[in-house]
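A short worksheet on the structure shown next.
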Ligand SMILES: *Cc1c(COP(=O)(O)O)cnc(C)c1O
């Protein structure tokens, strides 16, 4: 199966890049593109604020800054995610605490999160893994009960809908998004955060711009880095953003066809299609054997991989033995605890098939036929 490249870059993006270069203004502090992208993002998500930045990891760093942990405070998150979810926690000298996941879809198990909430917990950082909604309503209730900030990492979940019907990213206090090369839409690298909270928005804007309140002159009342998106990124991102609904709709159509074609396939849990944005098409084999199946599917030309990660992040060497800063493991004091469900998923049960908006009915048939061939009775 020849995999389509799944990108929607074309004349609109070329025109956007040219528009910016001809304008002579490539920096978003003085330009118009990033501000327009922020308005378009806020309008689509119905949020009071949207802030552009240089990557999804930067967006997550801003969200951790918004939660304002003191050094040594804890942020509960998932071990099955991109390292960009965890790096910003360490970067603010807070401690990532990994809660185990629901073995059905790899998203955070709210009961596991609840069991880890303690006096130093400052926030819950949930990921909508592969585009499937996390149990975000339950996590919001937990966060509210304990006075925690809820952050939603939507890097893989553009236009994902939660079971309550909200867009993923609007249930927590802050939602974060990525425009990295292989996300639903892209400007190479880029990020966005949304929030309805004026104070959190203020903190995040300041941190993304060196702590520089430009209305206050060249005075620095806050600490920050330079996480600004450039006008070139923003203009390309705007052209891509206009295509977002089409991209997600196309992925939903073909993923729906595959789910239908796999109905009754033994030994496999099919993903819950509700609200799914299909960054990837995930399957779970409760009996194990995902690595061998992935190999067999690849031999049949299907772009399948087992486990998604080499190891869940509670086993990441940097978090187990450091160092984090210099020769120090600060702010870590112990090795992350075990997360047996996540460990089993990554090693044995999780299979992912690459997915994108240019898949055709023929691609779906090829994937379905290979899976039936491998697993069918
Ligand atoms: C891609 C990704 C990130 C990091 O985004 P970058 O734009 O690559 O920095 C964070 N979290 C998740 C879940 C991701 O998929």
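Backbone N, Cα and C atoms are what each Cβ position is placed from, and that goes for glycine too.
What TrEMBL records for this protein:
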type: ACT_SITE; residues: 183; note: active site, proton acceptor
type: MOD_RES; residues: 183; note: N6-(pyridoxal phosphate)lysine
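For residue 183 (active site, proton acceptor), other Cβ atoms within 10 Å of its Cβ number 22. The secondary structure of residue 183 (active site, proton acceptor), as reduced to three states from DSSP, is coil rather than helix or strand.
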